[in-house]
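Chemist: Residues annotated as transmembrane segment in TrEMBL: B:38-55, B:67-85, B:97-119, B:131-151, B:157-179, B:211-228.
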């Protein structure tokens, strides 16, 4: 448990470190930068297909990203709960059995 | 025999459609020339079919591992939604396929990773349908396979389970973006310097950004795996995840 917390703390540090060291950047997506690089290499390249649907704005986009994370972490939380409960039951049953034997 | 020849035929046809003249995280919609879009779709498709079969077989063999499969999917879902700032001043996201790869093997994660990418391209305009084949190949085929071989390698060498998990997830993540850079460089070689010049450029954008994220992904995967080792030991044994000493 302690080890897990330490590891999670390390992840937080890794994610916040650039925020402190890199000033004057908006941390745009790396894929956007690749787009720029493509245009630089081949200025006449025209994307030949557009997204069928695009979130109307950054607000809706962040909503959908948050939703994606929420659905995923919701399941992970459920999983952890179920597994702990199962484990608890299993150890309880074992103890009960053990006490039956001694009686 | 008949089956084998069909497979050979498939790959021969595949070689024929390798675009000779190439004009090339996730590659944005429409940003891969048509020939390359088709080519990567064709490369990925067989893996998807094998992946589907692999999942079906694994779940049939051990129905009690269904929850773990759900967890692998959820983990990839969460991680690929987290756009994390990196040292290069741009953001990228982890892939989250390492966990499922260690549990279910690389083929199963091909399907799971592709579903995540499909969701992102349809709802978030992140990546795209035309580039889904290429993106799935890097994140859902190469990433898991790299993760798988790193895990096996580290286990054979005799490194600890946690270290093997960490390296596997981190390199799977990093490898994904190296492959993306290769794909882009193949489709968009520089006029001067060709493929190598373009590759250096794209790798500079993706791979550098990805290094801290790869480390984060490795750490998170270890956290989840430690939980599984504590509470799901029987399933891990069924899936033959742990090496003999660790059991």
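Any Cβ shown, glycine's included, is placed from N, Cα and C.
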Chemist: Would the transmembrane segment (B:97-119) count as touching the transmembrane segment (B:157-179), i.e. at least 3 C-beta pairs under 8 angstroms with sequence separation of 6+?
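Modeler: Contact between the transmembrane segment (B:157-179) and the transmembrane segment (B:97-119): present.
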Chemist: Between the stretches B:97-119, B:131-151, B:211-228, which wins on the count of C-beta pairs under 8 angstroms to the transmembrane segment (B:67-85)?
Modeler: B:97-119
